[in-house]
Amino acid sequence: MANAMLLPVLVSFLVLPFSAMALTQDFCVADLSCSDTPAGYPCKTGVGAGDFYYHGLAAAGNTSNLIKAAVTPAFVGQFPGVNGLGISAARLDIAVGGVVPMHTHPAASELLFVTEGTILAGFISSSSNTVYTKTLYKGDIMVFPQGLLHYQYNGGSSSAVALVAFSGPNPGLQITDYALFANNLPSAVVEKVTFLDDAQVKKLKSVLGGSG
């Protein structure tokens with residue numbers, strides 16, 4: 001009985017040194033030559049100041065596309081220094097009339113900071129299906145909780161720019177329209193799960209490059 005009572009204490013003492021090591025490690029710059037894991041990339045050797053710097057968000061993204069918007073990421077794949085730190089960033093450019101369609105980030109919450117123009121944004125709660133929307137102007141911020149469907153579009157008369165922070169190094173992205181209409185999911189299935197008719201589904205598949 002005494003040995004059984006002591007076992008949790010011994011296990012705790014065995015685990016504590018490893019926990020302390022994890023807490024005292026200053027950083028773990030990603031070794032992108034290795035595979036990503038649920039715990040992040042392995043740490044690379046030979047770290048320098050350049051690993052903690054990224055210039056990729058300085059230039060505007062190309063908005064000459066279907067949605068008239070561009071997201072330039074500074075995730076762990078582009079910015080290895082954020083590996084293991086629970087953060088990442090992106091730049092959002094939206095031309096007049098442009099939109100970032102309904103989408104979700106499965107692995108992070110999002111904080112959006114408008115630096116230019118006007119952005120209409122919103123998200124939908126998963127529990128009550130309540131819609132939360134706001135018109136954002138230069139200097140405004142809005143938070144989008146992890147995993148919830150949300151959108152942004154340019155509601156002004158000039159280009160809009162925003163900087164985005166995420167609560168994870170690789171937030172992930174799934175755009176609802178592309179998930180439904182930009183792959184080979186059979187049209188008959190899409191019609192069943194969306195209540196759209198065959199002509200509407202095939203039109204959207206044609207626009208977004210889907211098949212089936």
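Glycine too: its Cβ is placed from the backbone N, Cα and C atoms.
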Among the candidates Cys28, Cys34, the one bonded to Cys43 through a disulphide according to TrEMBL is Cys28
May I ask for the distance between His150 (Mn(2+) binding site) and Cys28 (disulfide bond), taken between their Cα atoms and rounded to an integer number of Å? 31
Rounded to a whole number, how many Å is the Cα of Glu110 (Mn(2+) binding site) away from the Cα of Cys28 (disulfide bond)? 23
Helix, strand, coil residue numbers for the domain 'Cupin type-1' (55-202) per DSSP? 22 helix, 56 strand, 70 coil
Would you identify which of the disulfide-bonded residues Cys28, Cys43 has the most other C-beta atoms lying within 10 angstroms of its C-beta? Cys28
Whole-number Å only: compute the distance from the Cα of His103 (Mn(2+) binding site) to the Cα of Cys28 (disulfide bond). 30
If we count other C-beta atoms within 10 Å, could you say which of the binding-site residues His103, His105, His150 has the fewest? His103
